[in-house]
Amino acid sequence: MATCGSLCCDGDFDKDGVSTTRTIQSCLPLPLPVEILEDIVPKAKDFAILHGAGMRYRTNYDPDSLQLAPFFLLPSAFPRREFERVVKLQSIVNILMHRIAHDYQFLKDALEKTIKVDDFTRRLWDIYTTVREEGVSQLISLGMFRCDYFYSVPSQIAQQVEINTIASSFGALAARISVMHRYVLGELRKPELLGHLPENDALAGLCGGMIAAWDAYGCPKAVILFVVEDVTYNICDQRFHEYEIRRQRPDIHVIRRNLTQISQRGCLTSDKRLIIDGDEIAVVYFRAGYEPGQYHSEAEWEARLTVERSKAIKSPSIHYHLAGTKKVQQEIARPGVLNKFLSDSEAKLVSQLFTGLYTLDMSPEGDQAVQMAMENPERFVLKPQREGGGNNVYGQEIRTVLEKIKDSQEREAYILMDRIRPPIQQNYLIRAHEPVKLVEVVSELGIFGTILGTAKDIQFSKFAGHMLRTKLSSVNEGGVAAGLGALDSVFLFD
Ligand code: ADP
Ligand code: MG
């Protein structure tokens, strides 16, 4: 059984004194005997696919079939103390993000330089200022956040990787995988371990947020709009959100449209109601719109502006989206900032979630960060203002990139962050059409939170479930869709 502390962690330190290879025990002694593995893998695959843990094929896309989503056979160990700590703090983190998003001056100061060099963030900013100048027609925002954490070996606490304020995904599939792991441990005749698996109501929690927003809009005929990609590979995760809304509230209808369709078929009434194909929209849930490639032309930007101008309650509204940029997250971590938005005791607790974040502005402070990163690139991650994985820069490549941009304002499009060193454990990776593999992995915990309210009046701020994504310890990023990471669930240990 996994335990934490010196008994089970074997510490290895590389030359810079950065702990890199501490390992923790998996929930069961591994490898499993071959005959047990041969029995359990098909059972787990069947359970996963029969419960909808699937995705559409990326190559040879086929609307008539699904492929098993990649997942790990066993739940991965995560320290209970840190899991409980971040769960408890989520409602405060929601409020922090809500207040930041409503502080125009803070966003302006934080993003002023970024928007000069990052076109995508500037376009979002332009929408924000346009709507602000016209007068915001919907004061209520719905936050459906996901805060991602690694447990850090050197500091022995969970540290925040980022806060997602748009398209926080995998709430549905994460909850399915939690249930699958219960089944797997049962089939392995280890029912005594079930107490280590926390319940996961992410899907119900997130959909509960949308339903509360729909109620707040107050129009029984209005529908919820999911803004989706042109092709949705993560279809199960999205569809389960629709089905859960219908389960909780049979009277609420969901429609799905991409930004191009909204540009062609959406309009505003004179009193700013958003109408799409004859339906009035009460709530807009963005599962797309977070990356430049999703805006093919001016038409999609117009669509985003139309939505933003409308009375519909948006998740996220444009200021929430901006509050979720990497640059704002770096500015939030500056000493003293949290105290502007939270009580002293709350600020202290939240500050403990952050690792080092550094500006790369053209300033002495930025120069110092550049120098630090050039000297020790392995200790940092260089991040542009992008979401969705695969955009960050690691290791020696940080040097190469900084070498090119260090003397130009281009560097202001990035932030620098301490690299977090999570513990390594073993688990079995299961991917469609591939043999099961015992691999060394690290796990990233996502904590969902929902919040609804206006600048002054918050109706609720809640923890809304969790998810675990696990990736090979040898890769920098492990996007599930990209095939380097896989779905997992949490095995808590003391
Ligand atoms: P995105 O918005 O693209 O998801 P993230 O900041 O979450 O950007 O980074 C993507 C991935 O990169 C994370 O899921 C994590 O695996 C890795 N990563 C990001 N920041 C760090 C960090 N400070 N230390 C270690 N790994 C990181
Ligand atoms: Mg991320």
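Just so you know, the numbers here start at 1 and follow the chain as drawn.
Cβ from N, Cα, C; glycine included.
No curator has checked TrEMBL annotations; they are predicted automatically.
Marked as substrate binding site by TrEMBL: ARG146, GLN238, ARG469. In sequence order, ILE163, ASN164, SER168, SER169, GLY171, GLY446, ILE447, PHE448, GLY449, MET467 make up the list of same-chain residues 6 or more apart from ARG146 (substrate binding site) whose Cβ falls under 8 Å from its Cβ.
For GLU162, ASN164, GLU387, the entry in TrEMBL reads Mg(2+) binding site. In the three-state DSSP scheme, GLU162 (Mg(2+) binding site) falls into the strand class.
Using a 10 Å Cβ-Cβ cutoff, GLU387 (Mg(2+) binding site) registers 18 neighbours. Feature annotation from TrEMBL assigns ATP binding site to GLU162, LYS326, 383-392, TYR394, 417-420, GLU444, LYS471, GLU477.
Per TrEMBL, domain 'Glutathione synthase substrate-binding' is recorded for 222-323.
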At the Cα level, what's the spacing in Å between GLU387 (Mg(2+) binding site) and GLN238 (substrate binding site), rounded?
18
For ARG419 (ATP binding site) and GLN238 (substrate binding site), what Cα-Cα distance in Å is obtained after rounding to a whole number?
31
Those binding-site residues, GLU162, GLN238, PRO384, GLU387, ARG419, ARG469: which ones have a Cβ sitting under 6 Å from ligand 1?
GLU162, GLU387, ARG419
Cβ under 6 Å from ligand 2: qualifying binding-site residues of GLU162, PRO384, GLY390, TYR394, LYS471:
GLU162
In whole Å, how far is GLN238 (substrate binding site) from PRO384 (ATP binding site) when you measure between their Cα atoms?
27
Other than GLU162, ASN164, GLU387, which residues of the chain come within 8 Å of the Mg(2+) site, judged by Cβ distance to the Cβ centroid of those residues?
ARG146, ASP148, ILE163, THR165, ILE166, SER168, TYR290, GLY324, LYS326, GLY388
What number of additional C-beta atoms lies within 10 angstroms of the C-beta atom of ARG469 (substrate binding site)?
21
